[in-house]
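Per Swiss-Prot, the features are:
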ACT_SITE  E105  active site, proton acceptor
ACT_SITE  C355  active site, S-methylcysteine intermediate
BINDING   C125, C129, C132  [4Fe-4S] cluster binding site
BINDING   G179, E180, S211, S233, L234, H235, N312  S-adenosyl-L-methionine binding site
DISULFID  C118-C355  disulfide bond
DOMAIN    111-350  domain 'Radical SAM core'
Amino acid sequence: MSEQLVTPENVTTKDGKINLLDLNRQQMREFFKDLGEKPFRADQVMKWMYHYCCDNFDEMTDINKVLRGKLKEVAEIRAPEVVEEQRSSDGTIKWAIAVGDQRVETVYIPEDDRATLCVSSQVGCALECKFCSTAQQGFNRNLRVSEIIGQVWRAAKIVGAAKVTGQRPITNVVMMGMGEPLLNLNNVVPAMEIMLDDFGFGLSKRRVTLSTSGVVPALDKLGDMIDVALAISLHAPNDEIRDEIVPINKKYNIETFLAAVRRYLGKSNANQGRVTIEYVMLDHVNDGTEHAHQLAELLKDTPCKINLIPWNPFPGAPYGRSSNSRIDRFSKVLMSYGFTTIVRKTRGDDIDAACGQLAGDVIDRTKRTLRKRMQGEAIDIKAV
C-alpha cells in the first residue's frame, strides 16, 4: 500500500451510507476507528468482502451481532450490477456494467494458466485516439473506487470467489478498458491498492498492469503512489504518426513520454526493469518495415518487451487491419534488434470485446459525436 493516503472523490451512496467498496484498507481502518471499533475489524470485513465476495453483513459470522447491526445502519457493500453478458466462442466474456445511468464494459479472458480481467477506469475517454472505439464516443466522468474495484468484485462473484471455489478466479488485472487511468488517479490508485492487498484480492504487483497513452505528469505521480506493472500505448515510431493517431502526443511527445517511463522503471520493482510497449498494427499507417527499424532505434534506451496488436475494427473507423504478412515482417525486424516481440492473440472480437472495441454507453460531455457530425464525419459506434 502506498504511504500516501489517497482519498476517493466520493464514498457515500444516495441514501447517505458509506459504500465500503470505496475504501482501501487504511481508509477502512479509519472508518472502524470512527465507529469506536478496533482496526482489526476492518481486516475481518475486507476478507469477507473480497475473499468470499460477500455483500451481506449478516453472513459475516465472526463479526458480533451488535457491530453487524451498526454496519447495516451506516454502511453497505454495493458493487455495480451487470446488465448484459456476452460470451465469445473463444471463452471470453464481456459484461456491460451499469454505473449510474450509463454503462462501461469489463472483459474476462480465461486461458489455461491464467484468467485476466480487463477493467475500465472512466465512462468514455477524453484522449481521442483515432483507432479506438471508446475514444470516438467522448468523455463523461471518472469512475469511483467502488465502480472500479466493483468490476473485479462482480467478475469474481460470477466466476467464483477464491474462498468459495478454492481457486483464484482472476489471476491478472489490466487497467486497459474504457478510459485513461492516469486521468483518474485519485480513484484508480486506491482501487489497485485493494487489488494488491492481502485482505483484498491479494494479487501480485506484477499481475496488476496499468496502461497509459502518455499523461506524463500523472505518470510521475504514479511512481510515488503505488508500484504496479506498466504498459504504454505507443502505437507509432515517430512523432509525426503519433500526433495523428494519439493526439495527446502533441502535448507530451514520444521523447518526453519515454523519459517519464524510464523514471517510473527506476522506482518500480513490479516491472522487473522493463515496460510493455503496446503497438496497434494499422495497415499502411505504422506497419512498414521502415517503421519497425524506426521503432527499434527509438526504443534502444528503454528496456522493454513489445506487444504487436492486430487492430480490431469498429464501424466508421478510417483504418484497416494489417495483414499477417506485414505483421510478421514487422515482428522479425524488431527481433533482429534483440527485442522480445509478441503478436497478441485477438480474443473476443466476435462480441466486440477485443482491444480497442469497448464501447459501453456514454453520455458525451465533450460533445465529440456532435462535433464530428458537424464536420461531416460519419459516426456509427456500436453500443452494447
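Backbone N, Cα and C define each Cβ position, glycine as well.
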**Asked** What subset of the recorded positions C118, C125, C129 lies within 10 angstroms of G179 (S-adenosyl-L-methionine binding site) at the C-alpha level?
**Response** C125
**Asked** Cα within 10 Å of C118 (disulfide bond): which of the recorded positions E105, C125, E180, S233 qualify?
**Response** E105
**Request:** Go through C118, C129, our recorded positions, and report the one whose Cβ sees the most other Cβ atoms within 10 Å.
**Result:** C118
**C129 ([4Fe-4S] cluster binding site) and L234 (S-adenosyl-L-methionine binding site), Cα-Cα, nearest whole angstrom** = 11
**Message:** Let's check the environment of H235 (S-adenosyl-L-methionine binding site): how many other CB atoms sit within 10 Å of its CB?
**Reply:** 25
**Request:** Average the pLDDT scores across the domain 'Radical SAM core' (111-350) and report the rounded value.
**Result:** 94
**Asked** If you run the three-state DSSP split on S211 (S-adenosyl-L-methionine binding site), which class comes out?
**Response** strand
